[in-house]
Every structure is written in structure tokens, then in C-alpha cells.
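K.L.:
The [4Fe-4S] cluster binding site feature in TrEMBL is assigned to A:Cys302, A:Cys362, A:Cys365.
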Amino acid sequence: MGMTLVEKILADHSGRREVRAGDIVSARVDMILANDVTAPLSIREFRKMGATRVFDPEAIAMVPSHFAPSPSIQAAAQIQAMREFSREQGLPYFFEIGRMGIEHVLLPEEGLVVPGDVVIGADSHTCTNGALGAFATGMGSTDIAAAMALGETWLRVPETLRIVYYGAMKPWVTPKDLILYTIGKIGVAGALYQALEYTGETVRSISMEGRFTMANMAIEAGAKTGIFEADEVTLAWEEGRARRPPRVYRGDPDATYAGTVEIDVRQVQPQVAFPHLPEKTRPVSEAASMDLRIDQAFIGSCTNGRLEDLRLAARVLRGRKVHPDVRLIVIPASQRVYRQALAEGLLDVFVEAGGAVSTPTCGPCLGAHMGVLARGERAISSSNRNFRGRMGHRESEVYLASPAVVAASAVLGRIASPEELGLDETAFFETVGVRAS
Amino acid sequence: MPRRIRGRAWVVGDHVDTDVIIPARYLTTSDPVELARHVLEDLDPTLKSRIQPGDILVAGDNFGCGSSREHAPIALKAAGIACVVARSFARIFYRNAVNVGLPVVQCKQGVPVASERVVVVDFDAGTVTDEATGAVYPAEPLPEVMREILEAGGLVPYVARRLEEQRRHAAASA
């Protein structure tokens, strides 16, 4: 009997010929990451374990991205703790402010995660790396501390739920809309304890950036990881980037799956997730008819702060102004994205429209800083979570959507579709490249 | 680790996420006492003042979904929550709870009690009992590796023991 993609990776990393869903394995880890919220706790627990040296300094990345650049003395102390630990342990991958990015965007960009890896991170969105055909999952600080000491971690091999996408995406439908639609269909606990594997003819035409967005939100369906099989798109993207040789694994045709969900992409409209769960999705046309006035629009985060996202948002905003009652915040997810957006004139478009642009940070997405919501405020965001109080006051509201919908909403002052601005499909396909049906 | 926990129940719903267990605005500290001060405040601002040490949280599906922040089980434990019973748990939270030594019990059929009723969790028998009605609900056993971690007092002492063994082996073979 064959193995799934995830089973293959975990078998190889645990020195076994074969593993099955439900098995508990001890797997070697290729990359471990932690941020300024979770690393200080990891460091403390690492010391409590009596550990003195990390198993391999090159396999550990420390990224201060959440409360960074630090908005308070306490936050500064957390970054200081990870900076000092990185120096003490000789970690080459501590990313200082100004050379930093949101961890799940930065690490793949830097070629620190490659296809076939096992990656664990003290952040739930570590599953983003599954876009590369790696097994990547989030854990807590103590698990990360143990892995930093031992170089391995215990894992229950998950069942795999396959999501098969077919058909071509309609104009203004992005990979973000596909994943929101999928979560709306299966629910926030729809893949609990499982791996989501994204497959089908449509995914071959989705860029790496779009795949990162989809893998990123696997956790919002309760999944342990979200994974794509590495293909020519993946390997082309890794050219000149991968710091280790990629290993391409493929699931066997006779592998056992927990189930298969088929999604006809042609039926999918741009989506909006309503408060306070990512599964509360509705088509943008329905949301737009409800006259939902917004106070803030946010484009950024590890979900949608990549170059493709900024290009799309800029296409919508070019020559337009942000609604007088709205604050638009745009945050490129990494320094590399920032510089490229600068070179392409995208940042100019945002500033010209009346938006605020910041250095990379996770800040607004988790209500840390740089855009915290007051009581009664409503935001539309390109991020991944709209839990109660996520971006600020418990009586504020977060709606999730693609960067195109967020940008259009910023202009109109209410949740809206780009088509309401008279933007036709040419504007969309110009930005996303050749993907017309 | 206690074999049996008897405590007053606080009933919460489905999909209680880590943002409402401990909002990110408090994540510039990992001090348990400080975190406990704000536990569950975005779910129900009145709850934390009513929780007494030894109380049990009884939840629906997908308890602890969202962030990987270990601050969530740390805050619950420091606030005095003795155990969390749920129909299902989010995977990261479940693992974190065991790692920090907060007992978690999955009862797939749910435990339909009202808040402030007394429930008894029996780890050896694998049951949760509603003391008022005597109704008994079966609990899922923890995987072997998690039981070992919980019995060691959490992942820290568990790994400390392994590192100590490695050192002894290294010293013996030197």
C-alpha cells in the first residue's frame, strides 16, 4: 500500500521505510523557527532543560516580527533576549530590524526552507512553508526548546484530506479566495489533526506566492499542515535561492486519504470572511450589498503581504484616493518585498492614495501595534484571522478578504468589489500574469 | 499528576481560540501570574474573577484553535484551571497543554453539564462524571508519549532526563 506525500516525508525523517497515519514518530528537523513572542519562552525552557548548546546553529532561525520594531520596553526586552541568545549560540539566522521580514515570508525567500524539509516553528502559521512541498507545522515554545536541544521532535503522522481544485479562476478571484472558500466549505475544524493537501489542475497555474497564501491558512481549518507537491513552479522558484538541495516527494497513487473535497473553481467568487471565524465566508457581491462601512483597511501579513499582493492592491488603488473615513495601512511582508515594491513604484501608489506604509511587521494582524482597533471599529484585512478581539478591542470586527477587495473597500469606504470601481478583468490579468481561461 | 480531579465546571462553547484565552496585547510577557490576570477576558470579561483554583473548563469543539502561543495553557493553569475537558481540541493547544502540565481530556460525545456543577475527571478509568446526575462520559486516552510527558511533569523534566542520559552515555564511552 502506498504512502501520502506527508507520510513519505515523515518516514524519511524518522529513518523508517514506511509510516502510516496515526503512527507516532520521532522526526529529524531541518529548520526550527521562533519569533519575539515565542522565542523568549523557548529560551527559558531550553535552559530549564539543562541544555547548553543548540544541536545545530544553522538549523535555527530567530525572527523578531510580531512586536517589532518594538513599541514598548517590554517588547524590546523580548527581542533583546532572542538577540543575546542568538549571539551566545552563534546562530547565523537572527534577522535584525531593517533586514527582517515576517518569518513565514522571509525564510522561504531566503532559501532557508526547501522542498522535502521538516520544519517546525513556534508560530501556528509555520504551515505556510508547506507551499514548497515541505512538512511544516506550528508548535509551542517548549516543543521548540526541546527540538533546539535534541534536533528532533515527536509527531503523530496525520491523515491527509485532499482538496482538488479544477477549472480556471474567474477575474478578481485569487488564491486567497480559494482558501477562504475552502475553509467556508469544510469549517474551522474541518481538518482537525489532519494534513490538507492542495491538488488538482488549478494549482499548477498558481504562483508560489499564491501557494504560500493557501498553505498559510491550513491552520484556520484546524490542519496540522497544508501542503503542495513540489513541481516545476516550485523548483523554478528555488533556483538561485535554495541553500540546501531540494528533495521532491510525491504521494503514491494507492495511498490512503481521509477524504477528498472537490472544488470547481469556476463557481468561486471573491470571498469575504465575516466576524468572528474564518469559516463565515460569503461571496463579495453579497457582502457588498450590506453596506458595511469600514474604519480601517489592512494589506499585509504572512498571508497576503507579498509582492503579487501589493501589485494587485496598487492596480486597484492607482489614481484613486482612500475614502476620507478610512485608514489604509500597507505593510510589505519582508525587506525584499519592500525594496521591490519601492523599485516598481507601488509604495508611491499607496502613499499617493493616502495610505500609510510601514517597515515589515506582523503588528496589526494580531492587534499588537501599528493599527490596533478601538471599540466598535470595523476593519477589512488581508490577514488570516478574524477572531474576537484579534486586531484590538473585543468589540471590534475584522473581515478577511483578498488584497484586491481590501483595496477596493479602502477607496469606497465600505466592503466592496474591485468591479464596483469600474475595473474590468484586463486590470486583473495585467497584474497576475497569464492566467486567463 | 493527579489520578482524579474533582472540580466546579465552567462551560464555554465551540472554537474558543487562543486570542480570547490570552489576547496578543498581553504577549510582551510570559510571566504566568501576569498572564493569569487576563485569562479568557475577551471571551467573557467576568469569568476570570469567578474562577477558583481547582475549577474545570468544559468546552465544545476545537478548543484552543489559532495561535501557537503557549501563553494560553500557561495562563489557564496559573489562573487555577485544573483541567480542560472538550469535545475536541486544536492540535497545537493540546500538545502545549500537556507540555506545560495542564491536564486535557477529550470526550468525543461532549459533556452536557451546566456551569458551576461539579464534575469528576478520572484518568485511570478514562471517564468524566457529572456528579449531580451521576452520568458518566467516556474520555479518549492520551497517546503513550503524551502520558509519559504529563507524568514526568511536563516536557521540560522529560527532555532534561533525556539530555542527562545522553551525557552519561557520552561520559561512559569517552
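Please read every residue number as a count from 1 along the shown chain.
Using the three backbone atoms N, Cα and C, a Cβ is placed for every residue, glycine included.
TrEMBL entries are annotated by machine, without manual review.
Burial and contacts for the listed features, if you can.
P.N.:
According to DSSP, A:Cys362 ([4Fe-4S] cluster binding site) is assigned to coil rather than to any helix or strand. Around the Cβ of A:Cys362 ([4Fe-4S] cluster binding site), 31 further Cβ atoms fall within 10 Å across all displayed protein chains.
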K.L.:
What subset of the binding-site residues A:Cys302, A:Cys362, A:Cys365 has a Cβ positioned less than 8 Å from a Cβ of chain B?
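P.N.:
Listed binding-site residues passing the 8 Å Cβ cut to B: none.
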K.L.:
Taking 10 A as the limit, how many CB atoms besides its own sit near the CB of A:Cys365 ([4Fe-4S] cluster binding site)?
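P.N.:
There are 28 such Cβ atoms around A:Cys365 ([4Fe-4S] cluster binding site).
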K.L.:
Which residues, same chain and not among A:Cys302, A:Cys362, A:Cys365, have a CB within 8 angstroms of the centroid of the CB atoms at the recorded [4Fe-4S] cluster site?
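P.N.:
Other same-chain residues with Cβ inside the cutoff are A:Ser65, A:His66, A:Ile102, A:His125, A:Gly300, A:Ser301, A:Thr303, A:Gly305, A:Ala333, A:Thr361, A:Gly363, A:Leu366, A:Ser383, A:Asn384.
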K.L.:
Looking at Cβ-Cβ distances, which residues of the chain lie under 8 angstroms from A:Cys302 ([4Fe-4S] cluster binding site) while being 6 or more apart from it?
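P.N.:
Once residues fewer than 6 apart are set aside, A:Cys302 ([4Fe-4S] cluster binding site) is near A:Ile102, A:Glu103, A:His104, A:Val105, A:His125, A:Thr128, A:Asn216, A:Ala333, A:Cys362, A:Cys365, A:Asn384.
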